[in-house]
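Engineer: Just passing along the structure, written as structure tokens.
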């Protein structure tokens, strides 16, 4: 059994492994609030396009 088949031996349906950024498919630093599901790096790039405004 190869390493790849052991690593992906079952589908991820819950937890951090099940969620990824909808822009770049990155798994760390996800912003899930309001159903965004975007990593923080992509959020900084796309925040103005989405409609978020920095107040300070």
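Note: Cβ is positioned from N, Cα and C throughout, glycine not excepted.
Quick caveat, the model's predicted, so the values are computed rather than measured.
Positions annotated as Zn(2+) binding site by Swiss-Prot: 21, 24, 39, 42.
How buried are the listed features, and what sits near them?
Structural biologist: Shown in sequence order, 27, 30, 37, 38, 39, 42 are the residues of the chain, 6+ apart in sequence, with a C-beta less than 8 angstroms from the C-beta of residue 21 (Zn(2+) binding site).
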Engineer: Near the Zn(2+) site, what residues other than 21, 24, 39, 42 in the same chain have a C-beta no further than 8 Å from the centroid of the listed C-beta atoms?
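Structural biologist: Surrounding the site, in chain order, are 20, 22, 23, 25, 26, 29, 30, 38, 40, 41, 43.
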